[in-house]
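Asks: Would you mind keeping the following structure in view while I ask a few things?
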Amino acid sequence: MKHFLTLRDFSKEEILSLVNHASELKKEPKKLLQDKTLAMIFEKNSTRTRMAFELAITELGGKALFLSSNDLQLSRGEPVKDTARVIGAMVDFVMMRVNKHETLLEFARYSKAPVINALSELYHPTQVLGDLLTIKEWNKMQNGIAKVAFIGDSNNMCNSWLIAAAILGFEFSIAIPKNYKISPEIWEFAMKQALISGAKISLSHDRFEALKDKDVVITDTWVSMGEENEKERKIKEFEGFMIDEKAMSVANKDAILLHCLPAYRGYEVSEEIFEKHADVIFEEARNRLYVVKALLCFLDNQRGRE
């Protein structure tokens, strides 16, 4: 069964097809999943992700079932595989926002319904789909190639974008602090994919080096959920990595800024630059709705072929 746990399980053609279908559904809504049910399991708080998934399945003609960790016997020690067997047999899709990626993998092994990663500590693939739709809409993809820079933490967003860029053949530069590392296994996968796709990928510890000649600039919060007690340390480590006027001046003249939100002005991005690119950033957030619609339809079609 086809799940959506990471973009590395999808081909270039499948990823682009999802983005194109999302664009079509944005222009012309259709009720393609009449009476289908989506279970939404949250171990972490969410604003945009919950709204995108709940609205997506509703507007497609289905219904959503919200389940926090407190609603499930998982919080009392029930094995993940048992919960997966029950929920996966009752619904058509399962969306999960989890603390550990291993929870997703275990759930997917035993679920009879396709499982979607709505965020783990390793990956955030639905966000990247939304980013890709936004890049398409702002005409920042020339001949199928975008020039993208990611500035910030070597986190789930960085990992997901690295994989996407490698599969799609993009020019992609990363800038992270010196004591931060990309997962060796994820980096190796990306390098192998880049050889196939022709992607040009680079890693540095200098934001200006990464930003040079880029059309798309991506950043993310420096302090992720669950890292609040590390805030002071991380702010010191990320000194010099803010996306401000000086940083954006190194990118191409009409470069756009993307941020998955929530944004913390004065840290990863300046107030002035955030507001300058607010139209793009909030359309990026809205685009999550349409890529989720396309993803649900894709998984439903895949399941129908089995």
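Note: Cβ is positioned from N, Cα and C throughout, glycine not excepted.
According to Swiss-Prot, the protein has these features:
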BINDING   SER46, THR47, ARG48, THR49, GLN73, ARG97, HIS124, PRO125, THR126, GLN127, CYS260, LEU261, ARG288  carbamoyl phosphate binding site
BINDING   ASN156, ASP220, SER224, MET225  L-ornithine binding site
Asks: Relative to the mean position of the Cβ atoms of ASN156, ASP220, SER224, MET225, the recorded L-ornithine site, which additional same-chain residues have Cβ within 8 Å?
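Replies: In sequence order, the nearby non-listed residues are LEU119, GLU121, HIS124, ASP153, ASN155, MET157, THR221, GLU227.
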Asks: Roughly how many Å lie between the Cα atoms of ARG288 (carbamoyl phosphate binding site) and ASP220 (L-ornithine binding site), rounded to a whole value?
Replies: 16
Asks: Would you mind reading off the Cα separation of HIS124 (carbamoyl phosphate binding site) from ASN156 (L-ornithine binding site), to the nearest angstrom?
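Replies: It is 6 Å, counting Cα to Cα.
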Asks: Which of these binding-site residues has the least crowded Cβ, counting other Cβ atoms within 10 Å: ARG48, HIS124, ARG288?
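Replies: Selected from the binding-site residues ARG48, HIS124, ARG288 on minimum Cβ neighbours within 10 Å: ARG48.
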Asks: Using a Cβ cut-off under 8 Å and a sequence separation of 6 or more, which residues in the same chain sit near CYS260 (carbamoyl phosphate binding site)?
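Replies: The answer is ARG48, HIS124, GLN127, ASP131, MET157, ASP220, GLU284, ALA285.
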Asks: If you compare CA-to-CA distances from SER46 (carbamoyl phosphate binding site) to each of the binding-site residues ASN156, SER224, MET225, which comes out shortest?
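Replies: Going through ASN156, SER224, MET225 one by one, the Cα closest to that of SER46 (carbamoyl phosphate binding site) is MET225.
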Asks: DSSP on ARG48 (carbamoyl phosphate binding site), three-state: which is it?
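Replies: Where ARG48 (carbamoyl phosphate binding site) sits, the three-state DSSP reduction gives helix.
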Asks: At the Cα level, what's the spacing in Å between ASN156 (L-ornithine binding site) and THR126 (carbamoyl phosphate binding site), rounded?
Replies: 11
Asks: According to DSSP, which of helix, strand or coil covers ASP220 (L-ornithine binding site)?
Replies: coil
Asks: According to DSSP, folded down to helix, strand and coil, what is THR126 (carbamoyl phosphate binding site)?
Replies: helix
Asks: Are there any residues at least 6 positions away along the chain from MET225 (L-ornithine binding site) with a Cβ closer than 8 Å to its Cβ? List them or say none.
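Replies: Expected: LYS44, ASN45.
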Asks: Can you count the other CB atoms that lie within 10 A of the CB of ASN156 (L-ornithine binding site)?
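Replies: The answer is 23 other Cβ atoms.
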Asks: Enumerate same-chain residues with a sequence separation of six or more from SER224 (L-ornithine binding site) and a Cβ-Cβ distance below 8 A; give 'none' if the list is empty.
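Replies: The answer is GLU121, ASP153, ASN155, ASN156.
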